[in-house]
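Student: Could you have a look at this structure, given as structure tokens, before my questions?
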């Protein structure tokens with residue numbers, strides 16, 4: 001929906017919009033479904049954060065779950081306002097989050113421990129400044145996809161070296177939710193004109209948010225399992241109320 005509508009937030013200034021009618025339900029929320037669909041991500045990240053803190057996982061995982069929550073909140077603000085500033089507040093944390101995943105994936109084998117976090121921090125700060133000045137469009141998307149692809153070989157390596165069946169299932173759930181979310185997001189973007197004529201809009205971008213919330217949770221949980229194995233913490237995958245998987249560990253008494 002590319003129309004520019006004046007509302008509580010003023011005219012739309014973002015460079016992209018989704019296939020949801022602007023301000024159809026409230027003058028305060030531009031895209032209602034795309035806004036509230038970020039709530040599952042926040043809830044799942046909160047559950048992951050509580051588990052990481054309760055079992056005293058390394059701080060990197062607490063930061064990772066907080067990063068998921070921050071990204072979801074930024075996305076809510078963007079879709080609620082459709083303002084350019086909020087759009088950058090949504091896009092920049094996306095890059096920061098991938099950089100954090102790169103650190104968690106590669107840090108166990110990184111021989112110079114201080115160089116990689118410093119490099120990633122400087123890179124993330126530099127991108128934030130450049131994005132605010134040049135306001136990347138398609139360049140942002142290409143850059144984000146490249147960063148995600150750089151994480152793929154390492155994630156696959158973790159998968160093939162993991163013997164636990166339930167942990168492997170987490171990786172499969174990660175891949176499945178990624179593919180489903182991408183499919184809904186792609187259809188929402190490419191077939192918007194046709195979808196707009198349907199009696200009911202399936203809200204593909206909102207479904208993308210929901211699936212990616214679970215995707216992030218499964219990725220985080222799988223990485224927590226792999227890291228616990230590296231540390232010798234005897235991890236196992238258990239289920240909260242028989243539904244939601246999480247990692248339970250037993251640290252040696254010396255730790």
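Cβ coordinates are placed from backbone N, Cα and C, and glycine is handled just like the others.
Sharing the feature lines straight out of TrEMBL:
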type	residues	note
BINDING	20, 22, 31	Ca(2+) binding site
TRANSMEM	32-53	transmembrane segment
BINDING	79, 205, 209	Zn(2+) binding site
TRANSMEM	118-138	transmembrane segment
TRANSMEM	173-191	transmembrane segment
TRANSMEM	206-226	transmembrane segment
Student: Other residues near the Zn(2+) site, CB within 8 A of the CB centroid of 79, 205, 209?
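Tutor: Checked against the 8 Å cutoff, the neighbours are 18, 20, 31, 33, 34, 35, 37, 38, 75, 206, 208.
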Student: For the binding-site residues 20, 31, work out the Cβ neighbour count at 10 Å and name the residue with the minimum.
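Tutor: Comparing Cβ neighbours within 10 Å for the binding-site residues 20, 31, 20 has the fewest.
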Student: Please give the sequence-distant neighbours of the transmembrane segment (206-226): residues at least 6 beyond its ends with Cβ less than 8 Å from one of its Cβ atoms.
Tutor: 20, 33-34, 36-38, 40-42, 44-45, 47-48, 52, 57, 61, 64-65, 68, 72, 75, 101, 104-105, 155, 158, 162, 164, 167, 170-171, 173-174, 177-178, 180-182, 184-185, 188, 235, 237, 245-247
Student: Give me the CA-CA distance between residue 31 (Ca(2+) binding site) and residue 205 (Zn(2+) binding site), in Å, as a whole number.
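Tutor: Cα of residue 31 (Ca(2+) binding site) to Cα of residue 205 (Zn(2+) binding site) measures 10 Å after rounding.
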Student: Between residue 209 (Zn(2+) binding site) and residue 20 (Ca(2+) binding site), what is the CA-CA distance rounded to a whole number of Å?
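Tutor: That separation, Cα to Cα, works out to 14 Å.
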Student: To the nearest Å, how far is the Cα of residue 205 (Zn(2+) binding site) from the Cα of residue 20 (Ca(2+) binding site)?
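Tutor: Each residue's Cα considered, residue 205 (Zn(2+) binding site) and residue 20 (Ca(2+) binding site) end up 9 Å apart.
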Student: Test of understanding: give the count of other CB atoms lying within 10 angstroms of the CB of residue 22 (Ca(2+) binding site).
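Tutor: Taking all protein chains shown, residue 22 (Ca(2+) binding site) has 18 Cβ neighbours within 10 Å.
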Student: Does anything in the same chain, at least 6 positions from residue 79 (Zn(2+) binding site), have a Cβ under 8 Å from its Cβ, and if so what?
Tutor: 18, 29, 30, 31, 34, 35, 38
